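The signal peptide annotation in Swiss-Prot covers 1-21 and is backed by sequence analysis. What Swiss-Prot records for C38-C98, C54-C144, C56-C72, C71-C125, C78-C118, C87-C111, C105-C116 is disulfide bond, and it gives similarity to another entry as the kind of evidence. The Ca(2+) binding site annotation in Swiss-Prot covers Y55, G57, G59, D76. The feature active site is assigned by Swiss-Prot to H75, D119, with similarity to another entry given as support.
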Amino acid sequence: MYPAHLLLLLAVCVSLLGASAIPPLPLNLIQFTYLIECANKGRRTSFNYADYGCYCGIGGSGTPVDKLDRCCKTHDECYAQAEKKGCYPKLTMYNYYCGEGGPYCNSKTECQRFVCDCDVRAADCFARYPYNNKNYNINTSKRCK
């Protein structure tokens, strides 16, 4: 084997090792994204909710800053209930469809139905309440006590 081939093989192996260290996204995150966009008729993408208030996004603490943030807290609590039932809400794939009235669940197993219901209720809640740009990317250490 030529030295250039060895270098190329080494580069491929190193990049594969690096890629294997990247944690995967939760499997149902894409589904939740579609449910959000279905519920609000495309007015806002799911990215608007990734870092909103004290509870939208990873983790959560303190008092929700508004009704929209309360939707995220309720969604977190719903996922906690799913885990108590032995479900894995961030990994559970489910069947749903987007109708004129918004998203609907169409899943067979109890865990799929429960997790889908959590996500549909959150998506509908997001669509129901106004979005306040001032609550996006807030300083959670100061405002979420």
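Glycine too: its Cβ is placed from the backbone N, Cα and C atoms.
The least crowded of the recorded positions D76, D119, judged by other CB atoms within 10 A of its own CB, is D76. Take the Cα of C87 (disulfide bond) and measure to each of the recorded positions C56, C71, D76: the nearest one is D76. In the three-state DSSP scheme, C125 (disulfide bond) is classed as helix.
In terms of Cα distance, the disulfide-bonded residues that sit within 10 Å of G57 (Ca(2+) binding site) are C72, chosen from C38, C71, C72, C111, C116, C125. Those residues of the chain, other than Y55, G57, G59, D76, with a C-beta within 8 angstroms of the mean position of the Ca(2+) site C-beta atoms are C54, C56, I58, G60, C72, K73. Within 10 Å of the Cα of C105 (disulfide bond), the following disulfide-bonded residues from the list C54, C71, C78, C98, C111, C125 place their own Cα: C98.
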